[in-house]
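Read the structure below first, then the notes.
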Amino acid sequence: MKEETRLLIQIPRGTYDVLPDESAVWQKIEETARKVCALFNYKEIRTPLFESTDLFQRGVGDTTDIVQKEMYNFKDRGDRSLTLRPEGTASVVRAFVEHKLYGLPNQPAKVYYIGPMFRYERPQSGRTRQFTQFGIEALGSQDPSIDAEVIALAMTFYQSLGLKKLKLVLNSLGDPESREAHRNALIAHFKPSIGEFCEDCQNRLEKNPLRILDCKKDHNHPLMETAPSIIDYLTDSARDYFSHVKEMLDEMGITYELDPTLVRGLDYYNHTTFEIMGSSKGAITTLTGGGRYNGLVSELGGPETPGVGFALSIERLLLALEVENISLQSEGALDCFISSIGDEAGKKASVILYELRQAGLRADKDYMDRKVKAQFKQADRDHAKFVIVIGDEELEQQKAVLKNMADGTQEQVAFVSLADFIKSKISSGV
Ligand code: HAM
């Protein structure tokens with residue numbers, strides 16, 4: 001290829017690389033998520049990164065920004081219309097219906113997922129086009145205590161990572177009857193002045209007036225503030241349901257603020273909706289969004305089944321950790337590093353290295369033909385607990401010098417005993 005045609009290819013806009021020095025933090029976060037899910041008895045589900053476009057049109061709702069503006073849609077070679085998943089709930093519900101998980105005795109089905117989602121949004125701090133969600137879904141129970149459990153799981157997760165500046169915001173969107181009454185009130189409220197609103201809102205008026213409250217362009221219009229509040233339209237049973245959720249949170253000592261304007265950007269919600277806000281570089285941002293979605297399973301072809309869940313992104317969590325000055329410990333330390341002098345010792349080092357690893361030790365050696373001093377520096381960068389030194393003399397005696405990097409002590413250890421010796425030192429905490 002000619003020199004001038006070799007252009008530098010850059011990462012797509014709105015995406016990022018997690019570099020080797022950064023991945024330990026991601027692993028720590030993911031590991032914490034898995035541990036907390038195990039405590040609450042949620043099991044992992046893994047669904048494809050792409051699904052039929054219809055799934056999100058029907059699931060997330062075709063009047064939402066996500067479906068109208070943000071989906072990565074494409075046709076595959078078989079002319080199927082597919083979409084990179086913008087969120088996880090619709091896929092989990094599809095899998096629940098497709099595999100008839102509702103027929104299993106183990107109900108509710110409690111699942112979690114960690115993986116990339118894709119939305120064509122304007123990239124900014126805490127908003128990327130590929131982002132990683134950790135989410136959970138509990139399908140099959142309409143006990144209000146499970147709404148509280150879902151919220152408690154999210155709070156426990158953040159607390160286990162040391163976050164303190166969290167604010168839980170709560171609302172209820174009620175049952176279908178409450179929603180219908182509220183919908184009519186919203187239409188009556190906005191209709192006379194709908195000409196002053198953006199085109200999206202004009203289209204939403206009859207289709208889904210609740211979406212107007214979530215509009216990013218018109219959020220300062222005076223009619224927004226005076227819009228009828230869902231709380232005034234809740235039926236008695238929806239109100240009772242919400243009281244039960246609040247009571248459970250009170251009992252658990254989880255504090256919250258009520259916000260009747262919290263409508264969320266996806267169509268499937270009813271009853272409880274919530275967001276957890278955190279601070280990111282001074283501004284408050286939504287770290288987590290979730291709620292109940294009782295009609296979604298039947299909308300996607302399954303039997304009438306209630307559901308509730310949340311999702312949060314690791315990108316926003318990292319910003320919140322930064323603001324609260326929390327650095328997660330990386331566990332990248334090596335057990336030992338082998339430093340060798342000369343070709344023959346280098347070969348022996350490779351064999352011993354293999355044996356150490358077979359014995360379950362985290363070990364490495366120099367591959368850059370460094371001088372001994374530089375090899376020790378590399379061992380330091382890898383936070384090695386021990387350094388094994390092999391030179392001509394050691395080869396002859398079949399013994400290595402073993403240096404304990406914590407206290408600087410040295411001793412001679414036979415090659416064949418190295419693995420056991422180091423393991424016993426590590427297990428006795430030396
Ligand atoms: P969502 O509010 O669209 O809800 O997204 C949940 C969380 O994902 C947000 O609170 C935010 O932390 C993160 N997030 C969304 N978009 C981006 C982005 N472009 N960049 C970085 N982070 C982002 C859902 O996705 C629902 N499926 C949640 C749910 C599960 N409801 C019930 N079950």
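Cβ from N, Cα, C; glycine included.
Caution: TrEMBL annotation is automatic and unverified by curators.
Listed features, source TrEMBL:
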BINDING   Glu87, Gly88, Thr89, Arg119, Gln133, Glu137, Arg264, Tyr268, Tyr269  L-histidine binding site
DOMAIN    1-321  domain 'Aminoacyl-transfer RNA synthetases class-II family profile'
When each of the binding-site residues Thr89, Gln133 is scored by other CB atoms within 10 A, the minimum falls on Gln133
What count of other C-beta atoms do you get within 10 angstroms of the C-beta of Tyr269 (L-histidine binding site), across all chains shown? 28
If you measure every Cα to Cα distance among Glu87, Gly88, Thr89, Arg119, Gln133, Glu137, Arg264, Tyr268, Tyr269, the residues said to bind L-histidine, what is the biggest one in Å? 21
Limited to the domain 'Aminoacyl-transfer RNA synthetases class-II family profile' (1-321), I'd like the whole-number average of pLDDT. 94
Tell me whether Gln133 (L-histidine binding site) sits in a helix, a strand or coil according to DSSP. strand
Could you tally the C-beta atoms, other than its own, that fall within 10 angstroms of the C-beta of Arg264 (L-histidine binding site)? 20
Can you count the other CB atoms that lie within 10 A of the CB of Glu87 (L-histidine binding site)? 20
